[in-house]
Structure formats: structure tokens, C-alpha cells
Amino acid sequence: MAHDPGRVLIFDTTLRDGEQSPGASLNLEEKLAIAQQLARLGVDVIEAGFPFASPGDFNAVQRIAQQVGGEQGPIICGLARASRGDIKACADAVAPAPRRRIHTFIATSDIHLEHKLRKSRQEVLAIVPEMVAYARSLVDDVEFSCEDAGRSDPEFLYAVIEAAINAGASTINIPDTVGYTTPAEFGALIAGIDQHVPNISEAVLSVHGHNDLGLAVANFLEAVKNGARQLECTINGIGERAGNAALEELVMALHVRRRYFNPFFGRAEDSPTPLTGVRTEEITKTSRLVSNLTGMVVQPNKAIVGANAFAHESGIHQDGVLKNRLTYEIVDARTVGLTDNRISLGKLSGRSAVRARLEELGYDLSREDLDDAFARFKELADRKRDITDRDLEAIVSEQVQQPDARYQLKLVQVSCGSSLQPTATVTLLDEEGQEQSEAAIGTGPVDAVCRALNALAGEPNELVEFSVKSVTEGIDAMGEVTIRLRRDGQLFSGHAADTDVVVAAAQAFVNALNRLVAGSLNPTLHPQRDATPLDASPTL
């Protein structure tokens with residue numbers, strides 16, 4: 001049987017696979033903020049990125065290893081294709097972390113071997129032990145993944161896994177890369193590996209999966225029943241295409257249904273010992289942080305963290321909940337950290353109160369960033385009576401969004417009405433602090449603003465999404481705008497919040513433009529789609 005650590009290890013890949021969501025690119029400070037919150041959440045492993053992809057990715061993984069990795073903290077992991085260049089870059093990036101891991105992979109399905117790698121099974125069987133052994137010579141903790149395991153021939157899969165373990169892999173990850181399998185099939189796949197790989201007792205079995213058919217969480221729970229003890233997941237389930245298995249859903253399923261899962265761990269059914277090391281009261285805070293920084297809105301009916309997850313509209317349900325919450329709620333909202341504000345903030349609140357509340361929300365700002373955030377807070381407090389946590393999150397997420405921005409929005413003015421041609425004038429500051437102004441007309445005030453900004457920036461792009469939502473309730477609520485721009489097949493997101501939605505739209509557009517410029521200057525490799533160095537030689 002596979003090695004059993006006695007509980008489920010949570011491997012968070014929000015910063016790697018989650019960031020591969022279209023338009024969800026994060027800068028260094030945003031990645032660091034999320035990594036710090038993941039450590040507070042109590043995940044076992046943080047996959048901080050793909051270091052070989054670009055200098056920016058390398059630096060982000062290295063900074064996270066330096067500032068988040070610790071003797072008592074999470075393992076800091078980097079992804080590497082099965083090639084020496086990738087693996088060496090990964091080892092160098094995670095080196096500052098006392099607890100570090102290299103996660104290397106190669107495809108094992110015939111369709112990937114034929115059309116992507118152009119390798120035979122024999123060639124892959126030669127590459128795997130060589131590259132795993134090389135990784136093991138650089139770090140003590142190596143994870144190996146069989147990409148597209150769900151569509152791989154079982155006998156070949158068993159042989160690859162056995163070779164990887166013999167070469168030094170201590171974790172074997174089984175990905176359902178395209179979200180194709182059903183729970184019964186995935187459970188049988190894990191059980192087959194557990195039964196047919198002779199040295200599987202030397203490694204922890206891990207699973208990774210995508211939600212293309214909406215089955216990722218169900219597949220993972222079935223895998224746990226069949227011996228998987230590490231789950232690779234993301235906050236809010238973000239990720240490529242339909243996303244990854246959602247961390248919050250997996251953790252809470254194991255928490256709420258502990259009596260059901262305990263026997264699969266050799267425990268008494270009523271054992272109170274948690275099945276994961278996650279601090280569930282940090283879940284809501286982490287979800288909001290990731291949503292704010294990526295600009296990816298959580299759907300209202302999303303399990304555990306959606307706005308409606310604990311809302312009751314039916315009169316019968318409301319009556320039952322008022323009498324006893326257990327009548328219609330299987331999860332106490334407080335268990336996932338959904339509580340009322342403990343500090344009421346307003347125009348008379350001081351810097352210390354704001355800093356304390358931001359720290360509770362998971363933001364550890366530098367002195368300079370705190371000064372800027374406090375100035376924004378005071379400005380908002382002059383227009384809004386009560387400042388909520390969501391308002392603070394909106395302020396700070398915008399603050400950390402563009403630390404090295406090419407453009408800064410200085411002024412936006414619009415003129416519009418039922419009998420007026422919508423006109424906008426905008427002023428930008430460039431990197432040298434020089435002001436540039438432009439005016440434009442459009443079909444509406446936001447269109448006019450975007451046209452003026454495009455004229456100033458001169459960066460070709462296509463606006464593919466504009467959305468606005470209320471951050472909180474009330475007529476004085478802030479409006480949060482998300483904008484996505486597309487260029488050369490890539491999406492770049494920007495978001496901003498203001499009590500004036502036109503101003504918020506202008507700032508969001510500028511933030512998206514800055515990401516577009518940064519992305520053009522620092523292109524990155526995709527770990528699965530881009531050609532790998534091993535295509536040239538199996539010994540690289």
C-alpha cells in the first residue's frame with residue numbers, strides 16, 4: 001500500500017496552475033500576499049510557480065521560498081518539466097526554503113507521447129529515472145507526475161511510477177489533466193496503482209485534476225477512499241479551462257463528513273482528529289484575497305465561499321434556521337471564518353486600527369504601502385459612512401496590483417447625459433512622471449474613457465470583458481470594476497473599486513494595460529503547451 005501520513009496533505013497550486021486561468025496573472029507582491037495567507041491557512045505544500053518559465057516566475061518562487069518557507073511552515077515547491085534546465089532552475093529557486101520540493105513531470109498517455117512529445121514509451125521510461133535522480137541529487141523531496149494519467153495505459157503507467165520511485169521520488173502524483181474520468185474510474189485507477197506498483201509503499205499517492213465535467217472534487221474524494229493522501233487543489237477552484245478541484249470544497253467535505261471518511265484511514269468512525277491540517281476559519285479570508293487579487297469573481301452559489309452559500313430565501317427555510325441552524329445548514333458559517341466585523345471603521349478611525357484590521361484580513365503591508373492605503377481609506381471615509389472589510393480589501397488589492405506600473409491614472413473627467421455625446425478626458429503619468437492628456441468620445445462614458453486611454457497608451461488590444469458589481473450594500477457602496485484585455489491570444493485583467501464606477505473603470509483599464517505591457521516585456525513559458533527541451537534529447 002502507498003505510504004500513509006495518517007491524514008490528507010493539502011498541496012495548493014493556486015500560484016501555479018491557478019494562475020494559468022485566462023487573465024489571472026499575478027505580480028510578485030500579489031503572489032507573496034497569497035502565499036503568506038496560504039501559510040496562515042495551514043496548507044502543507046505551496047506550489048509557488050514554474051521557475052523556468054521566465055525571470056519573473058523564478059524571482060517570485062525564490063521570494064516566496066525566502067519569506068514564506070520556514071522550518072514549521074509549508075513546503076515550498078516549484079514545477080519543472082523532465083529536463084535538466086527546468087530542474088536546475090527549480091532547485092535554485094526553492095533553495096532558500098528549509099523545506100523544499102521539486103515537482104517534475106512527463107506525459108504518459110499515448111496521445112501525448114505521439115503528438116506532443118514525439119517519444120516512444122521506451123524513451124519515456126529512460127527519461128523518467130534519469131530526471132528524477134537528477135532532481136533527487138539537488139533536493140531531498142521530489143514529486144513526480146504522470147501527465148494525463150487518466151488516459152494512460154495502466155501497465156505502462158505502473159512501470160513509469162515504479163521507475164520514478166526507484167530513482168528517488170517520494171510523492172507520486174496522478175493527474176486527470178483534462179478532467180475526463182468519472183469518480184468510479186478515478187478511484188479504480190488509484191486502487192490499481194496501489195495494488196500493482198511493487199514499491200508504492202515508499203511514496204505518498206497524490207492526485208491532481210481539472211473540472212471540465214464538474215467532477216474534480218468527487219474524483220478526489222473517491223481517490224482518498226482508495227489510498228490517495230495528497231490532494232492538489234486551488235483556492236476557489238481557479239485554473240485552466242473549467243478550473244481545478246476547489247480546496248475549500250475538499251477540506252470542508254472531509255471536515256463535515258469526517259465520520260464517513262475516518263474508517264478509510266484506519267480510525268474509529270467517531271475519531272475527532274481532523275483529516276487535514278487546514279485552519280478552516282481562514283478559508284473565507286483566503287477566498288476573498290485570491291478573488292480580489294486575480295479579479296476572478298466567485299459565483300454567488302459557489303459551495304462554501306459563495307455569497308449565497310449561507311443565505312436562505314425560502315420562508316420555510318428561514319423559519320427553520322431561526323429555530324435551529326442545523327435544520328438547513330450542514331456547515332456553521334463561523335467554521336469557515338464568515339463572521340461579522342469586529343472593528344467598526346469610519347472617518348475617525350486611525351492608522352493603527354486600519355493596520356490591525358488589514359493584518360487580520362491577511363495583508364502585511366510595508367510602511368509605504370500602508371501610508372498609501374490609509375490615504376485611500378480616509379478619502380473613501382469622507383464619502384462613505386461605514387467602511388467594511390470588503391471595502392478595505394478592494395482598496396488594498398488595488399494598492400498591490402501595480403507596484404511598478406508604466407502608467408498611473410491622474411485624472412478622469414466625463415460629460416454625458418440623455419442629450420449629450422459622451423466625452424471623456426483622461427490624464428496619465430508615465431514612468432518619468434510626465435503628464436499626458438487625451439480626450440475622446442464614445443457610445444457611453446466608459447467607452448469614451450477606454451478610447452482616450454488607448455489613444456494615450458498606443459498598445460493594441462481588444463476589450464473582451466467589462467463587469468461591475470457592488471462591493472457592499474447601500475447607495476454609497478463602492479463599485480468594483482473588472483476589465484479584461486486580449487492581445488495575441490493572451491488575456492490581461494485589471495480591477496479597481498471606487499464610489500464612482502467611471503473612475504473605477506478608468507483605473508481598472510489602466511491596471512489591465514500595465515499588465516499587458518509587463519506581459520509583453522516578460523513572456524513566460526507554459527509548462528504543458530510549450531515545447532520542452534527534452535524534445536531534442538532524452539539526456540538533456
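Note: Cβ is positioned from N, Cα and C throughout, glycine not excepted.
Feature annotation from Swiss-Prot assigns domain 'Pyruvate carboxyltransferase' to 8-269; the stated evidence is sequence analysis. Marked as Mn(2+) binding site by Swiss-Prot on the basis of sequence analysis: D17, H208, H210, N244. The region 'Regulatory domain' annotation in Swiss-Prot covers 408-540, and the record cites sequence analysis as its basis.
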Cβ-based neighbourhood (8 Å from the centroid) of the Mn(2+) site, residues D17, H208, H210, N244 excluded: T13, P175, T177, G209, A216, E232, C233, T234, G239, E240, G243, A245
For the binding-site residues H208, N244, the one whose C-beta sees the most other C-beta atoms within 10 angstroms: N244
Arithmetic mean of per-residue pLDDT over the domain 'Pyruvate carboxyltransferase' (8-269): 96
Secondary structure content of the region 'Regulatory domain' (408-540), with strand meaning DSSP E or B: 37 helix, 54 strand, 42 coil
Cβ packing number for H210 (Mn(2+) binding site), 10 Å threshold: 24
Residues that sit under 8 angstroms from D17 (Mn(2+) binding site) by C-beta distance, when 6+ apart in the chain: E47, H208, E232, T234, G239, E240, N244
